[in-house]
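So that you can see what the record holds, here are the features copied from Swiss-Prot:
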type: TOPO_DOM; residues: 1-14; note: topological domain 'Cytoplasmic'
type: TRANSMEM; residues: 15-31; note: transmembrane segment
type: TOPO_DOM; residues: 32-49; note: topological domain 'Periplasmic'
type: DISULFID; residues: Cys41-Cys44; note: disulfide bond
type: TRANSMEM; residues: 50-64; note: transmembrane segment
type: TOPO_DOM; residues: 65-71; note: topological domain 'Cytoplasmic'
type: TRANSMEM; residues: 72-89; note: transmembrane segment
type: TOPO_DOM; residues: 90-144; note: topological domain 'Periplasmic'
type: DISULFID; residues: Cys102-Cys130; note: disulfide bond
type: TRANSMEM; residues: 145-163; note: transmembrane segment
type: TOPO_DOM; residues: 164-170; note: topological domain 'Cytoplasmic'
Amino acid sequence: MNDSTLALRRERRLLMLLGWVCIALLAGALYLQYVKNEDPCPLCIIQRYFFAAIGIFAFLAAGIRNWRVIWVFELLIAIAAAGGVGTAARHLSIQMNPGFSCGFDTLQPIVDSLPPAQWFPGMFKVAGLCETVYPPIFGILLPGWALIGFAVILVAVASSLWRHRRKLAG
């Protein structure tokens, strides 16, 4: 086995791990929604979409044996993570500044009209307001945890893209 094969195997394992982490995060969101009665707002649902997209791209990439295709999927993961960072940062700023709103009247119909909201309403239907602050977990608000998660994913995947850029030529 050469170094490229070992690196590919390692990368695919890390992508599988990322996919499972995203599933765990979405399961945690459902736990908070249904057990703790913390209704998701439009920005929460958008963050769920980003975590779902990252997980789907990670699982698809893990099944590929071609560096170029993996690189494309990792680029898509990085784009979704960047979108998640922006959404979570906006959500966190709304919760830190109580006079603001996410624009529930504007965002809610758009988010609720997306096809996944029709297919999986328990997961992707809006039921709350962005300015509702739920109890922090270990001193950090939920959008703060999402921001940390998206930022870690973005940095990890961006470093992987940078580290493996030479494999694209080969």
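Cβ atoms here come from the backbone N, Cα and C positions, even for glycine.
By number of Cβ pairs under 8 Å, the transmembrane segment (50-64) is matched best by 15-31 from the list 15-31, 72-89, 145-163.
Remark: Cys44 (disulfide bond) has Ala29, His91, Gly128, Cys130, Leu142, Pro143 as non-local neighbours, by Cβ distance under 8 Å and separation of at least 6 in sequence.
DSSP assigns Cys44 (disulfide bond) to a helix in the three-state reduction. Considering only the disulfide-bonded residues Cys41, Cys130, the Cβ with the fewest other Cβ atoms within 10 Å is that of Cys130. Residues 26, 84, 87-88, 90-91, 94, 102-104, 107-108, 110-111, 114, 116-117, 122-130, 132, 134, 142-143, 146, 150 of the same chain sit 6 or more residues outside the topological domain 'Periplasmic' (32-49) yet have a Cβ under 8 Å from a Cβ within it. Under the DSSP three-state reduction, Cys130 (disulfide bond) is assigned to coil, being neither helix nor strand.
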